[in-house]
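Chemist: The following feature annotations were taken from Swiss-Prot:
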{"type": "ACT_SITE", "residues": "73", "note": "active site, proton acceptor"}
{"type": "SITE", "residues": "12", "note": "site 'Important for substrate specificity'"}
{"type": "SITE", "residues": "74", "note": "site 'Important for substrate specificity'"}
{"type": "SITE", "residues": "158", "note": "site 'Important for substrate specificity'"}
């Protein structure tokens, strides 16, 4: 069995990966996301970020044998504009106000790197999410929980913001941060059967 390494500090990703893998390591990536600027193609962008994270972690590994590194990046897009993590509460408010009553997309890029052979595969998942109309008070109350500040698009579907979601079309786990079905098929492609 190959040693699986998750290149992420995200507790949500770690929890999701534990659902399908009993044994894996966590090595946090120090990849500088600003070194991969957005150039108008969201799927390519999230896959490039995921690959950058996986490659960054692969350089930290001493034992090069039998290691697969999983990199992942998730972002929210609205009107073809990327919404990352909010800079401050004002930014979070503006993001949630824009998403209110509208449909947006959540993209996750995945990369799996075989450290020994340097073989890498990348893919992405897109999920459409529709928010109900939110009041300013609802948005402010949610932001004051602190839950919005470390999440793309300023919300976490698995938490209190779940009540904002009118409907979802696609992979729920993608919106949480790790599309398990796509990850499973990619791991199988790399010779790992769960």
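Any Cβ shown, glycine's included, is placed from N, Cα and C.
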Chemist: Let me know the DSSP-derived helix, strand or coil state of residue 12 (site 'Important for substrate specificity'), please.
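Modeler: Note: residue 12 (site 'Important for substrate specificity') is helical by DSSP.
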Chemist: To the nearest whole angstrom, state the Cα distance for the pair residue 12 (site 'Important for substrate specificity') and residue 158 (site 'Important for substrate specificity').
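Modeler: So the Cα of residue 158 (site 'Important for substrate specificity') lies 9 Å away from that of residue 12 (site 'Important for substrate specificity').
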Chemist: Check each residue in the chain of residue 158 (site 'Important for substrate specificity') that is at least six apart in sequence and keep those whose C-beta is under 8 Å from its C-beta; list them in sequence order.
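Modeler: Non-local contacts for residue 158 (site 'Important for substrate specificity'): 12, 176.
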